[in-house]
Amino acid sequence: MRKDQSLVDILIVDDRIDGLITLEAVLDMPGVNLVKAQSGREALDLLNLYDFGVILLDVQMPELDGFETAALIRKHEKYKLTPIIFVTAINKDERYIYRGYEAGAVDYIFKPFEPQILRSKVSVFIELFKKNRQLQAQAETIRESERRERYLRLTELENESLKRYRNLADAIPHMVWRARGDGTLDYFNKGWSDYTGLSLEKSFGSGWQTAFVGEDLTNFLKTWMQAMADGSSFECECRITKHDGEQRWFWVKTVSELNQFGQAQNWLGTCTDIHDRKMAEIRLIQAEKEAKAANLSKTSFLANMSHEIRTPMNAILGFTELMLEPNQTSEDRIDCIHTVQRNASQLLKIIDEILDISKVESGHMTIEHVEVNMSALLEDLKNLLNLQAADKGLNFEINLMNSIPQAIYSDPTRLRQILLNLVGNALKFTSHGFVHLDVQWQNDEMRFLISDSGVGIAPEHASKLFQPFVQEDGSTTRKFGGTGLGLALSRQLARAMGGDVKLEESKQGKGSKFLVTIHAEPVNRKSLISNLEFGIQRKRKSISEISDGRLKGMKVLLVEDVLDNQALMVHFLNIAGAQVDVANNGQEGIAKALKGKYDAVLMDIQMPLMDGYEATRLLRAQNFKAPIIALSAHALREEREKSISAGCTEHLAKPVEFNVLIEHLSKFNPNKPKEGDAHVR
């Protein structure tokens, strides 16, 4: 096969050697490559090896004659238009000439021929072939140029598209990456580098794995390997470490690019920050767990409260029934009364603790900031708890560890409540030995250390001590009673007062130490006390001693729907010297108040037909001037504000201590003795 494309290939076919020699001699011209064949078969075999510009065929040949050979040549797509010249010494009949042209010949030459004529005819076809080749070359050049331009344009478009893709990937608030089919990452957007702090060089290959949290990386790679098996896309949640060490949750989503065989040839992935949502989910799950635990605690708490409430109620009902027995002596009845009174106080304490913890948890607890006389508060605490300590044979002491202010700014009621809870617990859980309250003032902070030699606290229960509704022993066989709210309430109150309650130390069987701190700004920094002198505890006064006729001559209207409460209040007020009229509901109360002349009205709040709020508003609307004292079983601050807003002068929470009621009413007694104030507790 010739490689020189400047020559024109000419095929000459003749079964006679002398015929080939003659044609070769005539057509031996510059720029021509003569290819010889001695049969039609040989000629056909040469067609694919050369690009012939002209073909000369002898007509008379064995096996395949010239006509048959020409017909087969024309079936080749490349040679449909190639000039074929028949050269023959016989078959000069016109029908043979016609057959030659029908087979695809462009000329029909008889031997002997004129060399110059044959050369001239062949030269024309050679020139035509050269011109056609030149045109084809030019066309190919044009096509190549167009292909090159198209390639360059496509390359430019691809680069522009890639640039836009990368700009878009850098602009979106996600981390974007790409990996080859084998999982080797070869692209990261700017968001990845900005977040992880890893350069592209450090991220390529497997370097990116250093940013993933260990266990999450294991899960991610496992999921990816499973996806590689079938070329499927996948997604998962992982923690990825930020350049400053923070670990945030991301949603990793990948899409696979498949080849024609369904195999992943590339992976495109994004990492979307879902940290806030994930943390909210985690908090929600934790909250659900805590809620379930709280519900279990509250269920246990309610069961215990049923016991705690029913226990004093049982004593109250039992001993009141016992007092009705005709064979009871006066001393027996007095013992019964003291028992009823003690259990009623315990019942009220339980109710107060439940109400207080609900106020704290709902955010309705308010803390006062008034003067607190520390020596008076500690003496009151000593007097209240001395009897309980003496009954158990315990050594109960209150000690000043250094000089403390005579008075501080704080909430006396809440401070007293905290100390009663903590010292009361110490006395309850101590069977023998001591309970000490050590008081210290330091850097405008009061510190109260409560120590005891009691049962102590198990380590596994110490962490739950300050949780509401939780008790160290919540079983039905527990030895010590109580609501399980005292410590939780005390801590929350102390924190609201700028301090805290902590378990300092505890050993089972040896006792515990609790530390109470509150912010304590002294009223006068120079007025300090360094020791306490407790007086002799006074005997409890009777009702007649407390009242001492302080309501003598006072006319009071009692508006109350409950008959037992009516009878009790009328009896107490009569002992104090007051004249009492009774109304059974708000409507009746309005009628009597406007008709009679009363020094004060005691107004129950919850009543049928018309409640105390509405009755008070209507009285004030009709210019009723006398003081109205609200009596309500609701002790919350907002209930007091509601009473005052309706027009009440004061608000007292039930059950009302008789001495407190006498003190409030006596302020409005126009017949009050001049030295009556001396009897106020």
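A Cβ is built for glycine as well, from the same backbone N, Cα and C atoms used for every other residue.
Automated prediction, rather than curation, is the source of TrEMBL annotations.
For reference, TrEMBL has these:
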- 9-126: domain 'Response regulatory' (DOMAIN)
- Asp58: 4-aspartylphosphate (MOD_RES)
- 234-286: domain 'PAC' (DOMAIN)
- 304-522: domain 'Histidine kinase' (DOMAIN)
- 555-669: domain 'Response regulatory' (DOMAIN)
- Asp604: 4-aspartylphosphate (MOD_RES)
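Taking the Cβ of Asp604 (4-aspartylphosphate) as reference, residues of its chain lying under 8 Å away and at least six apart in sequence are, in sequence order, Val559, Glu560, Asp561, Val562, Asn565, Gly612, Leu631, Ser632. In three-state terms derived from DSSP, Asp604 (4-aspartylphosphate) belongs to an extended strand segment. Within 10 Å of the C-beta of Asp58 (4-aspartylphosphate) we count 25 further C-beta atoms, all protein chains included. In the three-state DSSP classification, Asp58 (4-aspartylphosphate) falls within a strand. The predicted model assigns the domain 'PAC' (234-286) a mean pLDDT of 91. With helix defined as DSSP H, G or I and strand as E or B, the domain 'Response regulatory' (555-669) counts 52 helix, 24 strand, 39 coil.
According to DSSP, the secondary structure content of the domain 'PAC' (234-286) in residues is 12 helix, 30 strand, 11 coil.
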